[in-house]
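Going by TrEMBL, these are the annotated features:
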- 65-129: disulfide bond (DISULFID)
- 78-139: disulfide bond (DISULFID)
- 109-119: disulfide bond (DISULFID)
- 245-255: disulfide bond (DISULFID)
- 372-382: disulfide bond (DISULFID)
- 488-498: disulfide bond (DISULFID)
- 39-140: domain 'SRCR' (DOMAIN)
- 169-279: domain 'SRCR' (DOMAIN)
- 303-402: domain 'SRCR' (DOMAIN)
- 412-521: domain 'SRCR' (DOMAIN)
């Protein structure tokens, strides 16, 4: 019996073993069904195409760990969201820590998967990560043509997540030649086709958002009857969704969508295709006498933009008590940015920028922790925390606004350059009834004109202006000069708005090799003088002429010094200057090292810029009574903000310049750091310092290159007071009495 029992156990064991092997084999051969997930981008202070990656699995939202995550996985995420691909990915919860499950960890993608669920991973919910490791991605802004994604996480039609490919205002035939187009049918691109929206559930708030997307601050009424007659004669193809905007969204895609029962050629029996009519900002409004306004001048006295390379972008600055100051980026979002954009005559905001992305400002930080509803007429009406202190200019907030399509780039191009940012300037003009391309005469062509060209083309700032372009072979058919005598103020939207000769050209040099050219860049330096230091360091010194021979040779004394006896004295107004680079690119001399001039007299430096600053003493009516000039003896980083290394030093014929975040200090006791006031009579004057006076080097803002002080001289002593840089205070205080007393109210 024991033997039979043993045999039975052996047979049973083998049978069980065979069954297990068969079960395992069957399980391995069974096809794996990918999990059904949904993906979204979340987080604070982000654009719509970037954010923390969140996954909806089994009806719950969770995050993805950054372990083993790479750009291939980011491509899969972005394509699943309807974008063409990824630009970058970020570990360590760059967009803030998420909540709930960490659904995926150790994700490995080839980049060809249709969904993140198809990638290899530890499995859903299997993770040893914390939310400090939540991964984020940045997708390209371009969408997959025809991409159509609707959320399946909710049956509520008012929360459908519809990805809008594109939106346009289609003008009627009679209005298509108007620039900008402000009125027409609203059309949405869906599955590669343009479709109309039925107006049965359309509201003025929806129109407000569509106008804002196209660069207009507001909407207005229109002639419904004419559009109804026009739409009756047209074939219609309606979009299958209704739109419900609250009015403070930045884009139609962020509004709530509802499912329509209308599709295809449905007649929208109780309505017609949606029409909007937008109100352009004052900068873009046509004028019967002057056409479009010829220069960009902020019309609103309480808010302005500074430091932006393109129209509708810049650091946000607010006027309080007659003094301009910045806004701290704490809680800065698209809603507050849109209030700024609309206030200045633009549309909604494309981006709410933080971290001084468009350069650091000077002076006070007026507002912090700003919260707007989106319907305020001015940023100054928004709530803010006046008790929150500690913000530095490294946290200055900025915006990029939607601006109307003005077709400015269609009449200007750069030709022959090594890249799209440089080349010979060519313009499209009418000649003998036809449109032809031609060049611009380079006579008197300078940095200000180059700035206008780069802005018109949307290429940011000018880095160089060229008067010879023989090394850039452009289009031979465009060699002829078609524009000459160009003089710009720097505020124009297009080169055609600058002063020029019109049809009567005058270009002695001719075109060809002497045609005007430019090179553009995304960033530019911005030099600002420390006015407070100047005010605190001014004093008078009587110095014997025999100690000023080198300074005399370098033209640092008044003209009367040429006749002065060596035993006589010169009275000098001395001061220190500290020049900060608050821009987004290093300040470098225009000339290369080979062109720097060695001055034998001092035998200790090269001049990299023959005229770097002008020092002037002016009468109260602006007449110059004494002057000085300062060559760039040595442009270098004297000191830098914490964490920024010095890059430029003059010792041993080193590279000269001023790094972003650094400053160059000229002490009061060095040669030529003065104004010769020997011949000045007692009285009240204006003390003025101008940096980079000839605009030899490009900067993002030339208005703050000037510093002025009030000055009183009694023949023995001198007092300087009320020193301030250009643009730091309101020039309209007398015209706007409320500005000096306006206080930003906490509501």
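Heads up, residue numbers simply count up from 1 along the chain you see.
Note: Cβ is positioned from N, Cα and C throughout, glycine not excepted.
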Nearest of the disulfide-bonded residues (65, 119, 139) to residue 382 (disulfide bond), judged by Cα-Cα distance: 139
Dominant neighbour of the domain 'SRCR' (39-140) in 169-279, 303-402, 412-521, by Cβ pairs under 8 Å: 303-402
Residue 245 (disulfide bond) to residue 372 (disulfide bond) - Cα separation in whole Å: 17
Proximal residue to residue 372 (disulfide bond) among disulfide-bonded residues 78, 119, 488, 498 (C-alpha distance): 78
Among 65, 109, 129, 498, which are recorded as disulfide-bonded residues, the nearest neighbour of residue 78 (disulfide bond) by Cα: 109
Distance from residue 498 (disulfide bond) back to residue 109 (disulfide bond), taken between C-alpha atoms, in Å: 54
The domain 'SRCR' (169-279) - residue tally per DSSP class, helix then strand then coil: 28 helix, 34 strand, 49 coil
Residue among the disulfide-bonded residues 139, 498 whose Cβ has the most other Cβ atoms within 10 Å: 139
Reported mean pLDDT - the domain 'SRCR' (39-140): 90
Nonlocal neighbours by CB distance (under 8 Å) for residue 65 (disulfide bond), same chain, sequence gap 6 or more: 102, 104, 105, 106, 107, 127, 129, 133, 134, 135
Nearest of the disulfide-bonded residues (119, 139, 255) to residue 498 (disulfide bond) - Cα to Cα: 139
Cβ packing number for residue 382 (disulfide bond), 10 Å threshold: 22
For residue 488 (disulfide bond), the one of 119, 139, 255 that lies nearest, given that the disulfide-bonded residues are compared by Cα: 139
Helix-strand-coil residue split for the domain 'SRCR' (412-521), DSSP-based: 19 helix, 40 strand, 51 coil
Tally of residues which DSSP labels helix, strand or coil - the domain 'SRCR' (303-402): 16 helix, 33 strand, 51 coil
